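What follows is a short report on a single structure.
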């Protein structure tokens, strides 16, 4: 948001209303900057920051005796309700927030990501995908598929990457002819090669057939795609649109392929609706999860939204593709322009087939390849910049959100197949819209290069790499699943993703997340086991020193044995005990034992109590931990998705800002423990 768009920069005596009535309302001040909306409570108990790019809509209520209500709905599904006593202040703030939600400027360089004042040296983040390395990893047979420089400099298709792979037998004239016959020049190209069956997954846009047009070069290219598979030359062409929609496009000179003109090809339609239907569907879904007050109304609104039906359609189409490729049949997929529904099903199909894409790093590579590389229009679909007219505003649609929802549905059935957890998906979704990073800015790869984003903005991947442990799934087993082809696609298996759509609705008794409880327990056990290992090491040192003293001083054996037996036996008992057993009863024994001896013990063998009591046996529970334990911070955890992190020494919960990682990256300690 530009400085001149700020009509009012500060509003006092604003009441932050808890719409669920679970917490007390807070009086404070609202500050408006070019990048954030900030609410700070007068008593200092709460400070809420909201990036202006996350504002979706603003609603102003009627003036009452108490004041005027202002409801801010966000793209990451937070709902903020403000009660402002003065109507003039409310109107000024409303108009300011409206300009943030619907920016007048169409200049993408005014986004938050470009406000970065630090020098950008983010090579790893901006080079997450290396096309040649990825195709080599897939095991492409160069005798059948080859890299082409036909789109070098984005000359034939500006929404495709400049590196493309085609059947080796395809000539340049065939490629150019097919390019002219496909919408937006998006001809069939390889995106995934299944090494076990040599089946290929290709993507493209709809053909410009109209009612009778055909293209010999396009037909030849499709034939070569089928023949590139030495195990089967059959080819499935999957149109993700409803058949009636494809028929309507014929009137516009577009449409779908005539099966009679393509040899060895079978046609399949899948009824995945367009961006306008999905936008309306999500709006009804949000009405159900945020506005409905009784169960009957909730279920009626949810059913009317059709959201779960649409999610199911995407999963079913992706599963069909995965099953076909695993059986050895190559597939070509398109929708209208090949950057919305095609990106959804092609990427989800690869996720089902290849366990690499179900890792944290591999998932980022998949997004870079099939969403960013092949031109999903993130600027338009996410509404990053203002629209020149109302028609351009209708380009906004939750296509990427829906794809993440599909992945979450699969995670519920296969919880051990994914290295990452749902926090990974939710935080990624937030930053797709926040525009804090440059990764998801631009409509295609060419846009991002023209904007020089790698030099001017930071990569989301680097930011997430620094929080890698936040996204680990404690139940992940790399060998548990290879291909996920046994999904249950019955309607009852698809449910509302409440952690996403009700992320900020904590309620009276917010539940701890099972993943977080498990991770905290595993981390605690790991810390204690590490401490036990240190004690065992110290025990070995004591034994070594004992033997050295025997040799050097020629002390009678019975005196040494009597002097050391008490200490070493206690350490043995301690090292063999369970890491979670209380150690308080055994901790003082070493000091007592050594102090009672008659001068035989060397001072270097003394092992003080503070070394044994370094780690807390009892950690602060996650339940009720809604604030950082640092008295100077007391930062609030606004939702259960925000990770509560334990100090390895005192066991208290802190926010990430108040914890420091040791030099060897083995310990995480708070400022107080670090000082002590």
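Backbone N, Cα and C define each Cβ position, glycine as well.
The feature active site, phosphocysteine intermediate is assigned by Swiss-Prot to 335, with sequence analysis given as support. Under DSSP, residue 335 (active site, phosphocysteine intermediate) is assigned to coil, being neither helix nor strand in the three-state scheme. Within the same chain, residues at least six positions away from residue 335 (active site, phosphocysteine intermediate) with a Cβ under 8 Å of its Cβ are 205, 206, 239, 240, 241, 272, 341, 342.
What Swiss-Prot records for 249, 250, 251, 252, 274, 275, 335, 336, 337, 338, 339, 340, 341, 381 is substrate binding site, and it gives similarity to another entry as the kind of evidence. Listed in sequence order, the residues of the same chain lying 6 or more apart from residue 274 (substrate binding site) and placing their CB within less than 8 Å of its CB are 241, 245, 336, 340, 341.
As annotated by Swiss-Prot, domain 'Myotubularin phosphatase' applies to 125-501.
Swiss-Prot lists 618-675 with the feature zinc finger.
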When you look at 249, 250, 251, 252, 274, 275, 335, 336, 337, 338, 339, 340, 341, 381, which the record names as binding substrate, what is the longest CA to CA distance in angstrom? 26
Around the Cβ of residue 249 (substrate binding site), how many other Cβ atoms lie within 10 Å? Please give the count over every shown protein chain. 19
Helix, strand or coil at residue 251 (substrate binding site) [DSSP, three-state]: helix
Using the structure shown, find which entry in 337, 339, 341 (the binding-site residues) has the sparsest Cβ neighbourhood within 10 Å. 337
Please compute the mean pLDDT of the model over the domain 'Myotubularin phosphatase' (125-501). 93
